[in-house]
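To start, I am sharing the structure in question, which I have written as structure tokens.
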């Protein structure tokens, strides 16, 4: 069996850097949009801090106008960058990987241990993508409803939609590590060994 070339460390670091820098760049408008505000509670009279979706007036004029434009188009930015882009990126990577693997000798790749590891990795990535898509779909639907129907909705309905968003965000963050531990056996075994070591 022919040995497969191992990807160099510099190439992996470059890919991770592109992903991290790209993610941080896409999230910059959110950082500029939200700010911390203070208000006095009418019941207790205590000053409380809360986050509000309102750009700071201390921003430079050009950046302030860009943030206002982003606020008006936030729903579509969120839908495109945080829903469509990750799913399209994952699907395209899976298609490219399948095509590259198809050009190799199928008997060698399927029968080898390396081929089995790649199969488990692909299943894990697909499962994580499905969970991500299922959990972010209600959030995007709620954003659409709030953007186009908020004047016609009561405060209780808007609060309920926000609660649904928070629930699915919590569910996505909770189920992802569990899914990783269950589907990725070496990682799950290492986690169990670590837990047993800590318990002892």
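Placement of Cβ uses the backbone N, Cα and C atoms for every residue, glycine included.
So TrEMBL lists the following for this protein:
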DOMAIN    1-180  domain 'G-protein coupled receptors family 1 profile'
TRANSMEM  12-34  transmembrane segment
TRANSMEM  75-97  transmembrane segment
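Set these features in their place in the structure for me.
Same-chain residues lying 6+ beyond the ends of the transmembrane segment (75-97) with a Cβ under 8 Å from its Cβ atoms: 26, 29, 118, 122, 125-126, 129, 132-133, 136-137, 140, 143-144, 146-147.
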Tell me, roughly as an integer, the mean pLDDT over the domain 'G-protein coupled receptors family 1 profile' (1-180).
79
